[in-house]
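Trainee: Sending over a structure as structure tokens; questions will come in a sec.
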Amino acid sequence: MNQAHSQNYQKTQNTQHIQKVVIVGGGSAGWMTAASLSNVMKGRCEICLIESDEIGIVGVGEATIPPIRVFNQTLGISEAEFLRKTNGTFKLGIEFVNWGKNGSRYFHPFGTYGRQFDTVSMHQYWTAAYQSGSAKELDDYAMAWHLAKNGKFIHPSGDPKNVLSTFEYAYHFDAGLYVKFLREFAEQRGVKRIEGKINQVNKDPQNGFVTSVDLDAGERVEGELFIDCSGFRGLLIEQALHTGYETWSEWLPCDRAWAVPTKGSNPIPYTRSTAHTAGWQWRIPLQNRVGNGHVFSSKFISEDEARQQLVDNLDSEMIAEPRLIKFVTGRRKRFWNKNVVAIGLSSGFIEPLESTSIHLIQAGIAKLLALFPDKSFNQNSIDEYNRIAISEVERIRDFVILHYKLMERRDTDMWRYCAEMDVPESLASRIEHFRDYGRIIKGEMDLFGNTSWLAVHIGQGNMPQRVDPLVNYSDVDYVSWLNKLNGVMSHYAAQATNHIDYINKMIGR
């Protein structure tokens, strides 16, 4: 490339790159986005975030899944500092109570069951042993469960031969404190926060792109790329651009949640989900309190009854009054429309059964950075963003629906409805494959891997009718191997440190 051509190329590049990003809305979505963009752009692009203290945030996303660790590490956030500033705890998985039959329980562990040691999946050996009465429950072969049930924690080993390398972990944390933490991070890197409520969105009359927003105090904020983090209302993506919304209430009937904090001490290292008559209750332990909530369907129970059901099942004293959150499960028909990208609740909502809300924010940010536009807003990039986002969120949707469809209870109208409802074909075929031979079919953009699907299938009674035929050709003494595995895991769990003691040592308390 000659010098003149190079100079012209650089000039074109400089005039085409995005010079101002406007983030509409704060909360976890807004400040995670601001922190990530400011970390990458290093002051070379103006970033401002508009939020109003009057509007507040939903803030139910206090439980996460393991990829949150990658997000924090990418920002260079110290784990100890993060736990200290957010009252965070460790999360090894989710315990599901009454999701099979009344009185039943199972654990969705982070990590794997045992270890893969030949071409046959470990769970196929377990199924063969279990059906012959020679194996314990599936949970007993997950290191995460051995630690969780004993209230213990230890960081995973980096040695792939060590059984302590077979589990992963995430966090529980105070969403409001996390927002404060990320705001400090972003503002230190040049993000400008603007206090105010938006009363008008201005668009280019020719192409329909958003050009600016007007605030209630009279200020006009212009930008080139707008990121909608305004929550359920979708101020830009829906109210301004009329993108459209696809609802999933026929498969995910819950549309309300009561949320309340309670006193707590000696937190357990896992989330608990307990099924009730027309929904389920979450329990999320932090260092200083417990987050609780009752997700329910207003078609099958009144708001007052649901509130009372929550209060009656709390295990400690409330420290605030329950607050009601209304939602519609589903997604925007497009996540990126013109020069607006919806991230967080503005893009859609899957109920918090598998703690995916924070992750979907993280995933939206990652896709935006991978396909970041210039001023031309290339349509191929926009289409690819939407294709990936839709595929990812629909795979998560299917996994959450699986819990409702496999519910063995028939004691209430809601659970009878769930048992009889048709499910998306993308899920129906996966259920049948597992029922036939215990095979887990991987889908494009699957967030949840084999362990997760296996936990729900087995935990909720969808046992395979047959084992993989390859088990019959194996010379593995799998019964002895399973017994040894359970014993080694029990030994390591007994040696591990109490969860809160481990945290206190980490944060220097």
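From the backbone N, Cα and C atoms, a Cβ is placed for every residue, glycine too.
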Trainee: According to TrEMBL, Gly26, Gly27, Ser28, Ala29, Ile358 bind FAD; which one of Leu345, Leu369, Leu371 is annotated to that same site?
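Mentor: My reading of TrEMBL gives Leu345 as the candidate in that site.
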Trainee: Please report the distance from the Cα of Gly26 (FAD binding site) to the Cα of Lys91 (7-chloro-L-tryptophan binding site), rounded to the nearest angstrom.
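Mentor: That comes out at 25 Å between the alpha carbons.
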Trainee: Let me spell it out: for each of the binding-site residues (Ala29, Leu345, Ile358), count the other Cβ atoms within 10 Å of that residue's Cβ, using every protein chain shown. Which one has the most?
Mentor: Ala29
Trainee: Among all protein chains shown, how many Cβ atoms are found within 10 Å of the Cβ of Gly27 (FAD binding site), not counting that one?
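Mentor: For Gly27 (FAD binding site), the count of other Cβ atoms within 10 Å is 24.
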